[in-house]
Structures are given as C-alpha cells and as structure tokens.
C-alpha cells in the first residue's frame, strides 16, 4: 500500500444516519443527539487491529445541497477521497443509490472504490431473520452487478452499534487491498495482470522448477508473506478444495501453477483478496500490479568515465540460474529452456535481439547457449547497459543473501521490503574506477585499468578484409559461406579470453558496418572503446591503405591502443599498394608489427585475442607514436623518489652511528 493516510468520505441522502455512524464508530456506542454535520475526524493507526492499517485515517462527513457553494465543497471532498462510504437507510434512499448517487460519482469523473452500507436494522431480531438474506439479494446484489466500482456491501446499525467497525475496515481494505485490479466480477475470474503477477510469484517460489509448489515450498511462501506457518490441516484443506475443482490442480507433487492461480481466484471471489495482496506486495508489486521503477532500477552511483560490471555475487546467481534451467544437463540452454527461464520477465532482453541473439555469443552445435556464452552475454549487457541487467535480476528474483538460500536449499522465510530488496540487488554489481588519462606532449591517452574484466574492441578495416570471419572465429564458429555479404548494421559478439597466466576477461567485439563514420565521429561511443583492431586482407594489395585513411580522417583514434592484424594469412601475401608496407608502417608509428592470422590457424586467432585483451588492459603499450620509454617513464619519478629516500635514510643512519662513536671516544 502506498497510502500513509486514507481519506474516507461518507456520502448519502440527508437523514440516512451518516453522522450517527461516524459517532458510533468513534464512541463505540450510540449517541442519540448529535450535530447535523461533523467536522473531519482523524483516526490513528492504533485504532485498527490490522497490521496493514495506514498511519492515519480521516473520515469526512458530508451533506448534499442544491447550494452552489455546498455542492462545490462536496465535489472537492469527493475528489480528495480515497474511498467513498455510501449510506442508505430505506427503500427510497436505496433507490437513490443507483438512480442518483452512483451516476453522480461517475459524472464527477472520479474512479474510487465504494463501500455500500445499509443502515436500517434497528431491531435485534431482524439480524437473524430470513429477511436479511432477502434484503441483500433484492437490494444490494443488483446494484453490485450494475456498478463495478462498488467494492463491497454491508448491513449495519448505528443504534445497535452493530457491524460499524467492520464497515470501517471494509473502507480501509478497499484502499489497502483493492479488488478492482485483481478480479473481474462480471467474468468471475482474475484479470490478466493479476494472473501474470501470480505466475511470477509461482515461478520464484517453485525452487526446484518442477512445475509444482510442494508442501515445503507452500509453507515457505506462507511464512515469507505472512510471518506464520500453515497448520497441516490447512494444507490438506487447500489441496482437497483444489482437487474437487480439478484433480490436476493439486497432486501428490504439490499445487500446480493453475492450481495456485485458482486458489487466489477463490480468495478474491470470497472477499479474501487481502491474502492475494499480501502475497503480491511481498514480491514488490504496486497497487497497479506492476514493479515500480524504484524497485527495478535502484540508484547506483556511477562516476563519469567509470563502467559497471557484474560482481562475484552477480555471476554466481547467473550460474545458479543456468544450472537450474539446464534440465537435460547437456551444458546448454535450448529454446525451450530459455523460454521457461525468461517466463517471469518481459522476454529475452531487447539488447540481445538487437545484437542478433543467439549468434552474439558461444553456443553448441545444436544452437543452445553454453554457460560460457551465457555469462559472456550478461557481461556485455552489464557493460553496455547495466540498467537492463539490473531490471532482469529483479524479475528473476535476485535478493542478495536470500538468493543464495534459494539455490542452496536453505529456507527463505524472511521477506524484504521493496527498498531493501532493491538495495540488495546492488551487490550484484561493481563499479570500476574512472578511466584516467595520462598527459604527454601528444594527445592524452588512457591509464592502465587495474580493476576491470570487461573490455570493448572496435574492429575496423576495409570491405572484404575478413572482419566478419574474425568475429565468427572469436566465437569458435566457422564462416557459414565464402560468398561475401557486406555488413550493414553493427554486429557485436562477446566471449571470454584467457590471457597469459590464466587470468580471464570478457571481450566485446564490434564491427560497425555502415555506421562506422557515425560511430567514429561520436565522442561518447569512442569513450566506450578500449582497443581497436585494425584489419586488412594480406592477399589484397589495396586493403591496407584504408587503415591509414581512417587514422588521418579521425586523429582521435590515436588516443586508443590498437593491434594491427593481417587476415587471410593462409593465402599468398601481396605487396600493399601504399607508400609503406605494413611492417614499416607499424614500425614508424612505434607499435608491434601486424599479427598474421587465419581462421584456419586456430593458434593465431587465439594469440590475436590475447594481444587485444592485453592492449586493453595496458593501453600505454599499444598507443601509436609513443616512445618505448614513455610507459616506464611514468614510474620513474616514484622510483627516483623512493631511491632518494633510501639513500637519505642510509646517510642519516651513517651520521647517527658516527656521532655515537665520537661521543664514546
């Protein structure tokens, strides 16, 4: 519930007992002589025994008049209300409910829940008579069917002080636990948004993903949502009730998803929808059956020039998810398993589809995403758009320590507030230190990043130089055809790279296609790039000149580390029609000679990706036109300072020793 204060406006014809009802509620007894119109009354939280009660409830008494001023006052009060307590007392005022009052509320344009109250029974004997059922059937049910804004109806007596507290609770309940978002009374079934929300609750509660909530899982859900356990008889009754409707809803394995939905439909149908709301709010749903932006996207402070990566906790959660949904234990998630995994989410992330999923990362021969590819995809998504990962972790139920218990088999019996759950999700991420630049006579260049494990590489080169083949080789896939197809849209792939010494990082490689000029002119996009892979076709004499043209057109590229690569090295090498041959060219700009690579030589491909990763991690070594000593020169002042300190300390020690010797003599 988002209302800290509930405002109840009491409406009805003159003389139906509105003021008497309010007085009896406050005094807990009937007061015969009261003023015609009571002032607004504030009732504190402690007045109600419900743990979900608002901080305060304001009850506003009203009267209807043809006076323009009083009519405007009534309009204003109704527009400020959270719920309307509509009272009638006899046949005439009952007729006025459907003829005047309910159309009047609609004409005002308000969409408020209404509690219909019959304040007519002052004879004690009448409460137990059959007339009671007849009155409900004849008077109230037709109105309920015609006007869906009526949440509930109740018979009360101000004189006997009967059912007034219950009527007040129904008004609070109409705001705290509204039936309208959940249940379609005319159709007698839950609304689609309610079904979707409950399906997500079922998904997150079905810890072993067998399609049923076992007794243990039902108990854990009950304790998590309401802080108390079921009795054994309660579970038996629930199962029996569902099995009576359809045996498939509750079997020996537990309650099925359809059975769980049916159970909540029964709650709503019987006026126990506060139970359903208790479940939904535990899983952070708003009154509109959505997950709020505050929950999906908690604030994460990311300094300028910093990036966001997954933390060990985030990777662990994603590994656990992969293993849970790899039902056939073949080491890959097929289409069916992916569909099941993403069921509680909006679907496969749009970012993945934009990058031509599933061809963006590593998959097996059957097209199933491997664990390596799964983690690489999320690493790329987090690096490029961490808010997407943040939202999907929310949909999939990441809650810090609670997530560890969920996969380890421990009971998850502590519900987290929406704010706490959002804050716990931040533990799935780490923010890297801001990218720094070192100054030198030429343009700035980036300092060595020492806390990053995800890097971005732009693959640049002439048409037909082999860029697409290189990206396919990065994913350990052969090129499907030798027929050249120009890359139109940008293509991104991601995979892990194991470097010398066993350290692993993730590399996102982008071929820019026809958007190359736009990307290279965009400072923000260039800031995302950590290393450039300049490619040329070693068997095409006109291929290399394209690289020099790019560097001249976009001088800013020289502020990024780069690796030159001669592709198609298995073909006969041709002299390049350019002023300098590639080896001479790279020597002139003081970087390593081109690496000769062929997709038919796996070891050469592996070596290239290692060099790209190392260039991204140590950008000073791959920058064009840098003197060899410049990278080490940045350390020299500290080394000299350290050496001077050591010499000074030695000199002081020598002087101190000689002074002591002289003193003794």
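Keep in mind that glycine also has a Cβ here, set from the backbone N, Cα and C atoms.
The GTP 1 binding site feature in Swiss-Prot is assigned to 12-19, 61-67, 119-122; the stated evidence is sequence analysis. All chains included, 26 other C-beta atoms sit within 10 angstroms of the C-beta of residue 119 (GTP 1 binding site).
What Swiss-Prot records for 206, 208, 210, 212, 217 is Ca(2+) 1 binding site. In the three-state DSSP scheme, residue 217 (Ca(2+) 1 binding site) is classed as helix.
For 326, 328, 330, 337, the entry in Swiss-Prot reads Ca(2+) 2 binding site, with the evidence type a curator's inference. In sequence order, 325, 326, 327, 328, 368 constitute the residues six or more apart from residue 337 (Ca(2+) 2 binding site) in its chain with CB-CB distances below 8 Å. In three-state terms derived from DSSP, residue 337 (Ca(2+) 2 binding site) belongs to a helical segment.
Summarising the annotation, Swiss-Prot assigns GTP 2 binding site to 461-468, 498-502, 567-570. Within the same chain, the residues at least 6 positions away from residue 461 (GTP 2 binding site) whose Cβ sits under 8 Å from its Cβ are 467, 534, 535, 536, 543, 546, 547, 567, listed in sequence order.
Per Swiss-Prot, the feature domain 'Miro 1' maps to 3-177.
Looking only at the domain 'EF-hand 2' (313-348), the predicted model's pLDDT averages out at 94. Among the features that Swiss-Prot reports, domain 'EF-hand 2' is placed at 313-348.
Marked as domain 'Miro 2' by Swiss-Prot on the basis of sequence analysis: 452-618.
Among the features that Swiss-Prot reports, topological domain 'Cytoplasmic' is placed at 1-634, with the record citing sequence analysis.
Taken from Swiss-Prot, the feature topological domain 'Mitochondrial intermembrane' covers 656-665.
Annotation source Swiss-Prot lists transmembrane segment at 635-655.
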Original post:
Once 326, 328, 330, 337 are set aside, which residues in the chain still have Cβ within 8 Å of the Cβ centroid of the Ca(2+) 2 site?
Top reply: 325, 327, 329, 331, 332, 333, 334, 368
Original post:
Looking at Cβ-Cβ distances, which residues of the chain lie under 8 angstroms from residue 499 (GTP 2 binding site) while being 6 or more apart from it?
Top reply: 505, 610, 613, 614, 617
Original post:
Given residue 208 (Ca(2+) 1 binding site) and residue 65 (GTP 1 binding site), what distance in Å do their CA atoms have, once rounded to a whole number?
Top reply: 63
Original post:
Just counting, how many other CB atoms are there within 10 A of the CB of residue 15 (GTP 1 binding site)?
Top reply: 10
Original post:
Taking the Cα atoms as reference points, how far is residue 206 (Ca(2+) 1 binding site) from residue 62 (GTP 1 binding site) in Å?
Top reply: 50
Subject >> Residues satisfying Cβ distance under 8 Å from residue 65 (GTP 1 binding site), sequence separation of at least 6 >> reply: 71, 74
**OP:** Spatially speaking, which of the binding-site residues 210, 217, 464 is closest to residue 119 (GTP 1 binding site)? Use C-alpha to C-alpha, please.
**Re:** 217
Subject >> Helix, strand or coil at residue 502 (GTP 2 binding site) [DSSP, three-state] >> reply: coil
Subject >> Helix-strand-coil residue split for the domain 'EF-hand 2' (313-348), DSSP-based >> reply: 20 helix, 2 strand, 14 coil
